[in-house]
Amino acid sequence: MSNATPQLITALDVPTRKEAEALVERMDDRGVFFKIGYQLIYGGDGLGLARELKRAGKKIFMDVKLLDIPNTVEKGVAGLAELGADFVTIHAEPHCMAAAKRAVEGTDTKLLGVTVMTSLDDEDLKASGYAYGVSDLVARRAKQATEIGIDGVICSAQEIEMVRDLSSGKLMAVTPGIRPKGSAADDQKRIFTPYQAIEAGAAHLVVGRPVYKANDPYAAAGAVNDEIHAANDAVTRIRPADPEDAAVLSDIDNDASKRFANMGGAFASAHLTGLTAAQYAEKFRQNELLWLIEHRDLPVGFVRAKPVDNLLYIAEIGVARAHQGKGLGRRLLAHMRRYARENEFKGLAGLTWKDVPFNGPYYLHNGFQEWSLDQAGPELRTLAASSDEQKLNTIGERMIFGERF
Ligand SMILES: O=C(O)c1cc(=O)[nH]c(=O)n1[C@@H]1O[C@H](COP(=O)(O)O)[C@@H](O)[C@H]1O
């Protein structure tokens, strides 16, 4: 499983830490990310569980929905940032967002402003004394969230497009109120299927009862993930890159390579960066093959390849960090396989780091085998022995991966 941030967030809305741990254990290889909220924090040692999950290298979303005087919000959020929370919720009121923002400065914690709860509709807002309906209140809060500069908002799928436009794409939209076809709405009013929410542009889906109350939570999470993948496929397309894309390719590559810095050790000290636009321009001159993958018309990933022996050699695959975990790399690989077959290559191959989770294990998980030097042809052996490869090998052990048709 890649270590990219998964799009499915499972709400651990269960009464005890023990039950939550059992659910985490069942879910783990579904690539989910866990949300800890009121029920576990106040009644089930949610903070202890959060620490344990962080120690185990998992992502945690602390759903505390803070709303208080600025000083209290700031101190509360600072405590959760210290704990290593990946996401923290606050209500999207201006003073509250600004205070929370001060608390996460310099940390990796992302702030999500709750706009209008997905259990509410226009009538409910009126009854609570608001002058706005749902759509207008979400719009107002999304504008304020953008001005203050927090990371994202919680809203329903029906407001995502508006949030994207109002924030010029700066706010990520995280959507609860997710109900696969046929499941009960419960107390939610603005509900959408996983497919609809991803198609609308949700960065993450928060799913509670449809997963943890299912007879088989693991299968239920798998079905949500299948819908997520299908919707992502529907909003992405692959096109050949051309020399005018050199700068975009460089931006994506530089962003993707920041992932190595987070690994620490030799990878962090190597300060790996992406290729420059000039280097990509050179790759086009050398007739290398480049394709871009676009998500809603925005280029977010690419693959670069060239013929080596009678194989299609995958020189690199890069996906911008905000778009990892959506199966885009898998789609690029499928594209390469199709292209290679149609153009009578005898297979695919590449060189990568053996132990970096999103390198060697990723390719092995996606149908490739590790090859010995003897299994490689003469040109691939020359590449494996090149001085560039020798340098990379000092950072971490390299391996050849390949597949013959
Ligand atoms: O902040 C949230 O996570 C949240 C905001 C919102 O507007 N609506 C909403 O349902 N949630 C949370 O998302 C989860 C949804 O759970 P289910 O309705 O069981 O799928 C719950 O943990 C809610 O607390």
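Glycine is treated like the rest: Cβ placed from N, Cα and C.
All protein chains shown were included, and the count of other CB atoms within 10 Å of the CB of VAL64 (substrate binding site) stands at 19. Per TrEMBL, substrate binding site is recorded for ASP13, LYS35, 63-72, THR118, ARG179, GLN188, 208-209.
Cβ neighbours within 10 Å of ASP63 (active site, for OMPdecase activity), excluding its own Cβ and spanning all shown chains: 26. The active site, for OMPdecase activity annotation in TrEMBL covers ASP63 (among others).
For LYS65 (active site, proton donor), the same-chain residues lying six or more positions away in sequence with a CB closer than 8 A to its CB are THR89, ILE90, HIS91, VAL114. The feature active site, proton donor is assigned by TrEMBL to LYS65.
In three-state terms derived from DSSP, LYS65 (active site, proton donor) belongs to an extended strand segment. Taken from TrEMBL, the feature active site, for OMPdecase activity applies to LYS65 (among others).
Around the Cβ of ASP68 (active site, for OMPdecase activity), the same chain contributes GLY76, CYS96, each under 8 angstroms and 6 or more positions distant in sequence. The active site, for OMPdecase activity annotation in TrEMBL covers ASP68 (among others).
Taken from TrEMBL, the feature domain 'N-acetyltransferase' applies to 236-393.
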GLY208 (substrate binding site) has how many other Cβ neighbours within 10 Å of its own Cβ?
20
List of residues, in chain order, with Cβ under 8 A from that of ASP13 (substrate binding site) and at least 6 apart:
GLY37, GLN39, LEU40, GLY208, ARG209, TYR212
Measuring CB to CB from THR118 (substrate binding site), give everything in the same chain under 8 Å that is also at least six residues away in sequence.
ILE154, CYS155, SER156, THR175, PRO176, GLY177, GLN188, LYS189, ARG190, ILE191
